[in-house]
Amino acid sequence: MKEVNPASRIALSSAVRTAVDILGFDKTLVEKLNFPDHLYEDRLEIKLDNGKNLKLPAWRAQYSNIRGPYKGGIRFHKDVSAEEVALLSALMAFKTALVNIPMGGGKGGVKVNAKNLSDSERERVARAYIRSFHEILGSKVDIPAPDISTDAQTMAWMMDEYSNIVGYVEPGVVSGKPQSLFGSRGRNNATSRGGKLVLDKLVTHLNIKKIPLTVAIQGAGNVGGWLAKLLDDDNKYKIVAISDSNGAIYNAKGLDVGDVLKYKRETGSVEYFEYAQTLTYSEMLELPVDVLVLAAIENQINDDNADNIRAKIILELANHPVTSRADAILDEKHITVIPDILANAGGVVVSYFEWVQNNTGFYWNENEVATNLERLMNEAVTQVLRSATEHDVNLRVASYIVALQRLKKAWELRGVIH
Ligand code: NAD
């Protein structure tokens, strides 16, 4: 593993730049925001099941530890690059600052076509990553988590490899572990639970009285599936459409979420669910619903379709599902977008709880996790809504204002800037 200089500045979004302008950051600080503290790279050598050797480029970007250890997932994906992990490490630092947890921002990745890996090959990639990067990781230094194509089992392998290298069991080196191996209760649905808390609070803030609010959910995976269940259990909401990578379904009278998810488990997709009409991806995104939830992949609302969106509220559970240009169009159409760094922060909050439990060796019950998650998410939403009113900006810019103010304060107090 070696430290490299980032080839280019981080491509911070126009919303971040607007927040920076409003806060009046000086040149030194703006320059600081453009680069991670560290960017490390290596080539992992893996033996495939067929005996062939493969060399895989891998990275860890550490953006800022000014508010606590670097924190962020490791993804296995064919398109991962140094630029991508650097940008995502910055977004993690903004997210942890926004929800005010004592952690910074980091992100890692391995450039590999994860779909082609067998379980044993995935294990070898996970262990090789730790052997390469272990010197710059640690429960007080940098704490990875699952991301695209990595999961609780991957984290268990990583924790095991790290513990073998350092010579003692170190559960706090990664989060998102299985509950039976130092994981936290409530981590599996934390992102969706956090998203619902934010949505509920916004509906109250906007004084929306209509019941039920119609909801369309793009992405019936872990996050979208859990959110569908949570909203379905609350009579304020009615799920009328759900999609996955195969197709989309719609029923104006409301879908039976339990049946849809059972059907998906049995057949692999929601497509052709009997009691619904099949829609195209664009028809589903353009439905005139009260709430459109984006819980799939990035760039789903863009130049091509932003003008056609008819939802009143968009909840971004996926990371970066709306492009910057589409964001401006949605703004003009007065559509309220609940931005990713707020809407999906419940995941990192419970990852933080897992780290607290690992470091104290005392494990919380379901209720303690839920109560503390609710407290932190509610505080974050309240601050974002206040910032949006004070500066007359949308929720995305307001979220960055809250986050960047906290980072600036920490830089000042630690004497990095004056
Ligand atoms: P997942 O792989 O379990 O689910 C993703 C779902 O999206 C799948 O059902 C897939 O079929 C669907 N999908 C893919 N392309 C689609 C398309 N074009 N149209 C409709 N559906 C499509 O992943 P997940 O863990 O649920 O994560 C979903 C998103 O949330 C990702 O962007 C992830 O980065 C983000 N996120 C997840 C967490 C977490 O705790 N898992 C935390 C923060 C952010």
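Here, residue 1 is simply the first one shown, and the rest follow in order.
Just so you know, glycine gets a Cβ as well, placed from its N, Cα and C.
Marked as active site, proton donor by TrEMBL: LYS107. Annotation comment: TrEMBL describes LYS71, LYS95, SER351 as substrate binding site. For THR191, ASN222, the entry in TrEMBL reads NAD(+) binding site. Among the features that TrEMBL reports, site 'Important for catalysis' is placed at ASP147.
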Of all the binding-site residues here, THR191, ASN222, which one's CB has the most other CB atoms within 10 A? THR191
Out of LYS71, LYS95, LYS107, THR191, ASN222, which recorded positions lie by ligand 1, with a C-beta less than 6 Å from some atom of it? THR191, ASN222
Among the recorded positions listed here (LYS71, LYS95, LYS107), identify the one with the smallest other-Cβ count within 10 Å. LYS95
List the residues of the same chain that sit at least 6 positions away from ASP147 (site 'Important for catalysis') in sequence and have their Cβ under 8 Å from its Cβ, in sequence order, or write 'none'. GLY72, GLY73, ILE74, ARG75, LYS107, GLY109
Cα of ASN222 (NAD(+) binding site) to Cα of SER351 (substrate binding site), in Å and rounded, measures 16
As a whole number of Å, the Cα atom of LYS95 (substrate binding site) is distant from the Cα atom of THR191 (NAD(+) binding site) by 13
To the nearest whole angstrom, state the Cα distance for the pair SER351 (substrate binding site) and THR191 (NAD(+) binding site). 10
Substrate site residues LYS71, LYS95, SER351: biggest Cα-Cα distance, Å? 13
Three-state secondary structure, LYS71 (substrate binding site) (per DSSP): strand
What is the separation, in Å, between the Cα atoms of LYS71 (substrate binding site) and THR191 (NAD(+) binding site)? 16
If you run the three-state DSSP split on ASN222 (NAD(+) binding site), which class comes out? helix
Chain-mates of LYS71, LYS95, SER351 with C-beta within 8 Å of site centroid, substrate: GLY72, MET92, THR96, ILE101, MET103, GLY105, ALA145, SER175, ALA345, GLY347, VAL348, VAL349, TYR352
